[in-house]
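Colleague: I have a structure I would like to understand better, so I am pasting it below and will then ask my questions one at a time.
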Amino acid sequence: NPQRTHFFPLHNFSALFKAVQKNLHGIVAALADRGTDINAYNEMKYTPLLLACETGKAECAEVLIEKGAHLGIKTPTSDTALHLAVRAGAASIANLLLHKGIEANVTNQADETPLHIAALHNHGALVGPLVGAGAKINAVTKEFVTPLHTASQRGNADVAKQLLQHKANVNAKDKQSKSPLHFASERGDKIMVEMLLNANADPNAQDKEKKTPLHAAALRGHLSIAQVLLAKKGRLGVKDMDGCTPVHYAAIKGNTELVKILLTSGKNKNIDDRNIWRKTALHIAAECGHSDLINLLLSYGAAINALDSNKDTPLHCACKAGHLNAVNSLLNWSQGEKANLQAANGLKKTPLQVAECNKTENQAQIVTVLKRKINKKIQGFSQRNELMRVKLRVDKRKLLHYGFCVK
């Protein structure tokens, strides 16, 4: 019966995949011995061995390998049995595959080696066997990502430690020129950052945007990371492609504690550093409405009337953005130089005129505050002038008393 002959292979084929799923290795062996094709694909384009590796069914995988399953077959995304076993953390399967001669540096569609997969999923127990079988410690993907990049980006300290012990390049750069330390700093992963620095990672390495790990930490407000980097000679004055220092990025976040640490480490010498738009950290704090940070920067000696490329002062910036508290902080600063209410920007507008032109939620209040301050200043001038006139009259009388001729 032709139908009967056709039925049994299909039935056996389906039974083989079910047996693998349930880890029934005895049935897998029996089906293989009956002639079932152990390299056949299911609807997902997986062979029984690929399925066993992905699901970590060690006994079934061992039976299939011993029965002659092809080791070089790949999934639709070009993962090999070794990639799948490593992803599942199935050390016994991975070790058997390596013992049987599967290539340790085989790559998938993304050019990831099994070592990349171990780094991605924090399977530290597999690093040693893979490296021992010839896995390249600094293998790169299409994006030039090494296993150490991957471990650092994911915060997988166990794998990173082992990779470093096997002499992984701690300063390797990916396609964006980021080092593992950039990724660890972005994450705010103190353990990883310290581990990389202790392995001689460069704290001042710059990526394609010229950002250092300190820029990355400042941008995300990672206070403890900034402290660690500074202690390892991370440079505060390095500028990225926009001319921004870490202080500029800390100012965006309004992180007063971080700004304080950065400025103190640099003895305040970077406080008025300009970016490509000639903006200081004080301009940025004013634009973002961080009034506490404005007070801190001013107390550390920031130039209150610094001009950016549009000739805007920080007060112009606060008025334009409609930040009432920031405006008040700048207007109420009384130590040293005061905010210039008459400063004209590139459009010949004073802060008051800028406030009047920009419709913001606090526009009316800002305009009122500025006018009050201006009127107070005018009254102050008038009072001082009157005092001067009185003093002059008194001085004239004294001179006449002593016989001088005074007009």
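Even glycines carry a Cβ here, placed using N, Cα and C.
So TrEMBL lists the following for this protein:
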type	residues	note
REPEAT	44-76	repeat 'ANK'
REPEAT	77-109	repeat 'ANK'
REPEAT	110-142	repeat 'ANK'
REPEAT	143-175	repeat 'ANK'
REPEAT	176-208	repeat 'ANK'
REPEAT	209-241	repeat 'ANK'
REPEAT	242-274	repeat 'ANK'
REPEAT	277-309	repeat 'ANK'
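Walk me through where these features lie, including what they touch and how far apart they are.
Modeller: Break the repeat 'ANK' (44-76) down by DSSP state and the numbers are 16 helix, 0 strand, 17 coil.
Secondary structure by DSSP for the repeat 'ANK' (77-109): 16 helix, 0 strand, 17 coil.
Within the chain carrying the repeat 'ANK' (110-142), a Cβ under 8 angstroms from the stretch's Cβ atoms is held by residues 80, 82-83, 86-87, 89, 91, 94-95, 98, 104, 148, 150-151, 154, 156, 158-163, 166-169, 172, 174, all 6 or more beyond its ends.
For the repeat 'ANK' (143-175), the residues of the chain that approach it from at least six positions outside its boundaries are 113, 115-116, 118-124, 127-128, 131, 137, 181, 183-184, 187, 189, 191-192, 195-196, 199-202, 205, 207, judged by C-beta separation under 8 angstroms.
A Cβ distance under 8 Å defines the sequence-distant neighbours of the repeat 'ANK' (176-208), meaning residues of its chain 6+ beyond its ends; these are 146, 148-149, 151-153, 155, 157, 160-161, 164, 170, 214, 216-217, 220, 222, 224-225, 228-229, 232-235, 238, 240.
Residues 176, 179, 181-182, 184-186, 188-190, 193-194, 197, 203, 247, 249-250, 252-253, 255, 257-258, 261-262, 265-266, 269-270, 273, 275 of the same chain lie 6+ residues outside the repeat 'ANK' (209-241) yet bring a C-beta within less than 8 angstroms of a C-beta in it.
Summarised by DSSP class, the composition of the repeat 'ANK' (242-274) is 18 helix, 0 strand, 15 coil.
Only residues 6 or more beyond the boundaries of the repeat 'ANK' (277-309), in the same chain, are considered here, and those with a CB under 8 A from a CB of the stretch are 243, 247-248, 250-252, 254-256, 259-260, 263, 268, 271, 315, 317-318, 320-321, 323, 325-326, 328-330, 333, 335-340, 343, 345.
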Colleague: Can you break down the repeat 'ANK' (209-241) into helix, strand and coil residue counts using DSSP?
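Modeller: With helix first, then strand, then coil, the repeat 'ANK' (209-241) has 16 helix, 0 strand, 17 coil.
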